[in-house]
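**Student:** Residues annotated as FAD binding site in TrEMBL: T154, V283. Residues or ranges marked as compositional bias 'Acidic residues' by TrEMBL: 626-638. Per TrEMBL, compositional bias 'Gly residues' is recorded for 639-649. The annotation domain 'Glucose-methanol-choline oxidoreductase N-terminal' is assigned in TrEMBL to 148-171, 321-335. Taken from TrEMBL, the feature region 'Disordered' covers 626-649.
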Amino acid sequence: TEVWQVEKLNNMSTTVPNAQCAAQSVGDFSSMVNMLLQTLLTAQCAISPPELWPPDYAESALKHGLEEYDFVVIGAGSAGSVVASRLSENPNWKVLVLEAGGDPPQESEVPAMMYSAQHTNATWNYFTEYSDKSCWAYNERRCYWPRGKMIGGTGGINVMIYVRGNRKDYDRWAHDGNRGWGWDDVLPYFERSVRPVGNQTHPRGYVTINTFPVNDLDVEQMIYAGAAELDIPRVLSIGDGSAMGYTNLPGTIANGRRMSTGKTYLSSVSKRPNLDVLKNAHVTKMNFDESGKNVRSVSFVLQDKYEMKVHVGKELVLSAGTIESPKLLMLSGVGPAQHLTNLHIPVIHDLPVGENLQDHVNIITFIKLNELRAKPWTTQQSLDATYNYLIHQRGPLASQGTGSLAGYVNTLKNGPYPDVSFHHFIFRRGDFGGLQSFLNGLTFTEHFKSQLNKVLETADILGMMNVLSYPKSKGTIRLRSADYRAPPLLTPNYFSEPEDIATLIRAMRYQAQLLNTTAYKEMTATLLRPSIDECDAHKFQSDEYWRCYIKYFSTTTYHLTGTVKMTPETDETGCVDPRLLLDGCGNVRVADASIMPLIPSANTNAATIMIAEKAADFIKEDWQHDEDDDFSSEEVEGGGEGGAWYFGS
């Protein structure tokens, strides 16, 4: 009998024999097997090697200190990576990026493992405050709000979907007084970010977009056919031309790998001599001058032990995200005066920082498919999938299943824009690992996990995220204490506006119609009814039942926005002006999803990149008068010595 020992290697399980086989090899085959094992391990290490990411400037900073930088960018996420890349195109400007995390783990790079980096040191592991209206299906009845803490930020843990939104999304911004932010204004920046080749007047972009591999064709065909029976069309794309319908959304992927802006914008140009990146640098405070009009330096803790400071020559760009940006502003004395005073933080600017928190709340439902007919997922398939991915970057691990298939629907049928969207995740019979990754990521209680695992023994499960496109409810972010290490108080206020629940109940009604289509019936699609005493007291699928169900199975779609709101200067509900300058401050610009005055109907990563592109232009325009700052984009098009590479479609 062979003895096998399971060893942990690089956070992945590898089965290695520690005894000789009963049937001996005379040499050649043993050498072949050893070569295979070494090849697999080498391929695993090549998923996220250090050379794929910007070099860390920490050693030099600790040895020689930090000089003054023209621009300091806080955060190397979806927005910060873009801003730093664009500003460092000018070889006369010195740019420093401060990122609280390090390089992304291997799990971040593998598309199918998007939930595996959660609850680790690669994420900010935040939880919402308790509510009597939402999040009851999860541990402690609080929703888990992870944010990326790595090069690439939350773009390193998201679903990789790239979708711009529609004309209404941005024309609403302009209508509220944000001049220059209508659809026709922002469209050129969306287009710039994906432009593969640039020139003197039209710079190239670095966003890499491709279609996801389709590995679950039977389920996708069912979804498309069911929607067609309800007269919801299949469309080529979602945007200004067609805001509604079902489609396979593209994603920021290439060759089986995630393509965050931390890789495409920042790493690709990281050898520019005027660009430095400090990793594991947790910013603790922005230090204003005596007038409070300008930030002169930034304090941060490097590697959890070295307290350091860097001086800002021209501008500070805050791109820490919808949670961390308002948190840092409040820690620095910018926020609601009474809240800061209560925490004994000197008030520098009294602004509604942390207000206007918005999110696409969604209701997760589960549909049972092909009970007793579905083929069980086997260990052999898991091994094959791992091999196929490591050697060929193909197979189930190279995509996120049906995750790219989305439907945009107007449940009122009263206009050309959606009020809900639907996203789909398939779990194959017996694939308990995949289901557990999803359920653990969202922190489902054991009560519900056990029920779903039981169903997966005999059937496939299609998880549906029923997403509210335009939420009316708004929440807040507040400091828990003046200690920078303390997690903030996150209060989403889901369903504080009754209209949100009414819209989602209509989404449930639409889902019931889908289940009655021929396409869904052919796969014996059945809505799962989890055991909840409180909800079971109501008639199944009645409005009262759904109100109860929504209280339990509501959660985030990870699209947090709005906490450093952009408004015209005359609007007292805002924090930054339409050029993204912090109110009352001349050299602080905020560039991330926190500035969105109203959440767009789509996934927010594409819009965040667009915001960063516009912010970089604002900065260049405002500082173009500097002598010796004239330069040609051709000087840096190749990224200097490092080169700027592109992963094509």
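The chain as shown is numbered from 1 upward.
From the backbone N, Cα and C atoms, a Cβ is placed for every residue, glycine too.
For the listed features, I'd like the structural context: burial, neighbours, distances.
**Tutor:** Of all Cβ atoms in the protein chains displayed, 28 besides its own lie within 10 Å of the Cβ of T154 (FAD binding site).
With a threshold of 8 Å between CB atoms, the same-chain residues lying at least 6 positions outside the domain 'Glucose-methanol-choline oxidoreductase N-terminal' (148-171) that come near it are 53-54, 75-81, 99-105, 108, 111, 114, 117-118, 121-124, 181-183, 185-186, 190, 207, 209, 212, 238-240, 243, 249-253, 258-263, 266-267, 277, 279, 321, 400, 403-404, 406, 417, 423, 558, 598, 600-603, 605-607, 610.
Residue counts for the domain 'Glucose-methanol-choline oxidoreductase N-terminal' (321-335) under DSSP, split into helix (H, G, I), strand (E, B) and coil, are 11 helix, 2 strand, 2 coil.
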**Student:** Run through the domain 'Glucose-methanol-choline oxidoreductase N-terminal' (148-171) and tell me, per DSSP, how many residues are helix, strand and coil.
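**Tutor:** The counts are 9 helix, 3 strand, 12 coil.
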**Student:** Given a separation of at least six residues and a C-beta threshold under 8 Å, show me what packs close to V283 (FAD binding site) in the same chain.
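**Tutor:** Expected: I74, L98, A100, V298, S299, F300, A320, L328.
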